[in-house]
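*Asks:* The signal peptide annotation in TrEMBL covers 1-19. The region 'Disordered' annotation in TrEMBL covers 117-138. Residues or ranges marked as domain 'Peptidase S8/S53' in TrEMBL: 152-581. Annotation comment: TrEMBL describes D161, H211, S524 as active site, charge relay system.
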Amino acid sequence: MGFSHLFFALLYLSADAQALSINSHAPYSSGPIPNRYVVEFNQDASGFKRDSTPHQEFRQALESQDVRHVVRKEYNHPVFKGVSLQVEDYTDVFELKNLPGVKAVHQARRFPPPRVPARVVSSAKDPNFPTDSQSSHTLTGVNKLHAQGITGKGIKIGMIDTGVDYKHPALGGGIGPNFKVVGGFDFVGDDYTGANEPVPDSDPMDQCNGHGTHVAGIIGADPGGPENPFNVTGVAYSASLSAYRVLGCEGGVEDEVVIEALLRAAEDGNNVITLSLGGPSGWSQSPSALVASNIADSGVAVTAAAGNEGKTGAWFAEFPAGGKSVISVASVDNSVFPVVTARVHGVDHAPIPYDAVFPLTSVPTPFPIFALSNDTTVADDACDPLPDSIPDLSQYVVVARRGSCTFEQKLRNIGAKRGNLTLFYNNEPGLLGIEVGEFQAALIRAEDGEFLVKQFVDGVPIMLSFDEDLEQFRDPAGGLVSLFSNYGPTNEMDFKPSVAAPGGNILSTLPTALGSYGIRSGTSMSTPYVAGVVALLLEVNGQSDEVSRNMRTLLQTTAASVPSNYTEGAPLQTLAQQGAGLVNAFNAAYATTLVSPGELLLNDTENFQPVHNFTVLNSAPSSKTYKLSHEPAGTVATVTEGTNFTAVGPLPLSNDYADLTLSETTFTLQPGERKTITATFAPLKEDSNTLPVYSGFIRIESGDDGEPPLHVSYLGAGGSLKDRQVIDNTDVVFGVTLPVILNATGDPQEVPTNYTFQDGDFPSLLARLNFGTPLLIIDLVQSNTEINITLNKRGSFGPAFTNPNKREPGGIFTDVPISGRLFEFPYLPRNTLEEGGLNPFNQFNITEPIFANGTTVPNGAYKILLSALKVTGDPSNELDYETWLSPVVVGVSVPS
């Protein structure tokens with residue numbers, strides 16, 4: 001039975017990260033799926049008999065080993081052969097690894113639903129503001145290619161998302177060979193949440209979510225026409241689209257479904273595949289990331305969202321974007337976007353803007369306001385049910401402050417008083433667009449909200465009406481990296497994200513049932529943008545496996561470096577957030593110099609790689625003279641000094657740069673000639689306190705034919721990843737020292753306690769990870785066990801599921817009397833600290849007295865042993881683990 005009797009949950013933290021109540025957890029379901037694995041076969045099927053298929057042989061081998069299992073899906077594609085299966089006994093994973101023809105066994109994961117935040121707007125009025133629905137295309141040179149008639153003709157793009165409203169007039173009005181959307185498949189059905197069984201069908205229609213339809217418009221919306229009043233213009237609007245639905249109306253999706261969609265999209269002959277979904281990882285090891293990378297290596301460009309958790313800080317790359325050959329896409333803010341306003345009546349005040357394309361209500365008459373609190377510093381406005389003193393709110397515009405709990409929670413409490421219209425005011429500078437589902441609500445600036453509250457307190461009879469007219473606003477941060485965009489790199493020091501594209505405040509299509517058009521923000525928006533750019537480049541350069549395999553390098557070397565702000569002398573934004581920079585489709589299409597590779601990986605100080613070569617090729621018809629220079633970016637401290645916590649974003653930049661020496665800085669190349677340049681780096685001074693990540697560009701200029709500058713990107717870390725403390729042993733988050741055993745009431749267990757495992761009487765382990773771990777293990781040990789914590793030892797990196805002693809008594813800790821394993825998970829991400837973080841802590845609920853191998857835990861007294869393998873650690877070397885032993889005894893006392 002094993003994991004089926006252990007509930008593993010990553011819980012969503014919706015309150016401030018300090019002094020949290022240890023009992024107030026709302027469930028958040030993502031991450032590893034208990035006892036679910038994706039088994040990868042050797043691609044040549046070696047180890048299997050010639051007279052049967054690999055899948056048949058694998059099933060027979062499972063039966064011969066008496067492995068209790070259910071094969072959920074079979075994968076049989078040139079880029080990936082294998083199965084998804086559920087096992088009853090967790091320890092059978094080691095049997096799987098040793099079966100003939102098996103290349104690897106991967107822990108299956110669940111993706112969270114896409115989170116699409118909006119960005120800060122710092123200005124609401126600008127007399128020089130143009131009306132420009134093509135602003136994102138101006139940022140990237142796409143407008144220049146459109147002017148030449150390059151619109152993605154002959155290219156097919158597969159979108160793995162929530163489906164598409166293919167009946168939308170800007171998306172072709174239908175599905176089939178003669179339409180823009182030429183086909184697709186629904187792998188899950190409307191009711192799928194990621195936690196239940198999918199119900200597939202052939203129709204990928206999106207009428208209840210809208211995420212995939214927004215993605216489709218970014219790629220392919222047809223410009224102009226009476227039913228496209230905003231002139232939304234897709235990046236590659238002549239391309240054909242295929243829609244693969246993997247998300248239902250609500251919830252997430254499992255790895256096995258995403259893999260199935262990836263392989264179907266590749267099989268259907270798509271030239272580009274794009275995924276605006278992902279989950280916290282920090283690693284490149286998830287099954288879907290592996291499959292996506294294999295597809296990219298086969299000659300189909302794959303773009304994936306870098307993630308929207310910029311406030312989480314560094315070392316939080318998402319899967320599947322973390323795949324080695326996947327183009328991971330960051331977001332920059334759009335420069336021009338539409339807003340609507342609330343007009344103020346009764347006092348002299350400018351209209352109040354909010355980020356939307358339609359007014360909050362169509363009722364033209366003004367409404368009085370009602371502020372829920374007279375205190376404009378209140379932290380938890382409307383987080384609790386409203387008191388009886390609050391009147392019926394149905395005839396008011398409710399004014400409430402942002403903070404402490406979700407907007408939905410506040411709106412439910414307001415709705416209980418019949419409130420229909422709500423303006424939240426920000427608790428930080430700027431204006432944010434928010435997602436509130438079916439509620440009628442918007443976010444306004446802090447100063448506007450404070451003004452409204454003051455008028456209400458002073459008894460001024462102020463009223464608001466909502467204009468229908470759109471106004472165009474220029475964002476002073478247009479072209480800068482969006483605050484929400486994720487930081488990399490991966491825990492293996494891979495260069496993620498790869499590039500950036502417009503993703504902040506993007507106007508695109510929505511299902512007609514949801515309003516037809518809307519503004520959304522996120523790397524979910526920048527990712528299809530790059531997919532569209534790839535389609536344009538394939539139209540220009542021709543479709544071939546080689547062109548597609550080199551696409552990431554072409555985009556990186558022709559991208560524009562992004563500053564941290566527009567102040568003179570400001571450093572460039574760290575490449576850990578901008579990648580190689582903002583894509584420029586025009587420059588990439590007509591580059592006459594080709595540079596490879598596009599990224600140089602310097603690693604951390606312990607594994608420092610100081611010498612790298614790159615090649616410059618002159619493909620122009622005449623000779624060119626080149627000048628090379630060093631263009632460093634700002635260095636970010638990824639760990640808060642004096643702590644072991646990863647710093648929350650936005651991360652401040654410093655001018656601490658690595659030194660670089662180039663073998664040549666000027667040279668001339670004849671047509672068709674190439675030169676290899678050697679770059680030698682001196683590492684940034686090691687700082688074990690803050691683990692700085694440094695990065696920058698080697699700039700390559702040739703003004704002979706007006707070609708824009710190109711560059712090669714580099715990135716490294718000024719410290720040892722293996723030296724990072726993994727297990728959080730502080731009381732910062734909950735006010736009690738972690739890890740901690742929780743009793744049946746959710747309170748810290750402070751004395752030896754017996755559990756009956758009946759009627760909710762069971763213990764839990766609450767733990768946080770300061771840094772990602774390749775392997776997390778939880779064992780039961782004898783109650784008299786004492787061990788020494790092992791920290792910062794040295795060893796070589798090895799994959800999970802390779803330890804030959806896992807099933808033997810003592811496991812990896814040969815001197816520790818281990819009674820049995822409860823569970824283990826490979827490649828877990830670190831936890832987060834910021835308010836509303838995606839992955840704030842791990843709670844392991846031991847609901848039944850069952851070991852992972854299905855055997856019963858005998859009645860008796862035990863301690864819990866938590867072991868976390870350090871980054872680059874050897875899983876068979878006990879010295880490479882951090883360990884924590886529960887200070888209190890957990891008693892198993894099941895009535896006979």
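Here, residue 1 is simply the first one shown, and the rest follow in order.
Backbone N, Cα and C atoms are what each Cβ position is placed from, and that goes for glycine too.
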*Asks:* Could you state the CA-to-CA distance between D161 (active site, charge relay system) and H211 (active site, charge relay system) to the nearest Å?
*Replies:* 7
*Asks:* Do me a favour and check the Cα-Cα span between H211 (active site, charge relay system) and S524 (active site, charge relay system); whole Å is fine.
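*Replies:* Given the Cα positions, H211 (active site, charge relay system) is 8 Å from S524 (active site, charge relay system).
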*Asks:* Please report the number of other Cβ atoms within 10 Å of the Cβ of S524 (active site, charge relay system).
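*Replies:* Neighbour count, Cβ to Cβ under the 10 Å cut-off: 29.
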*Asks:* For D161 (active site, charge relay system), what is the tally of other C-beta atoms lying within 10 angstroms of its C-beta?
*Replies:* 30
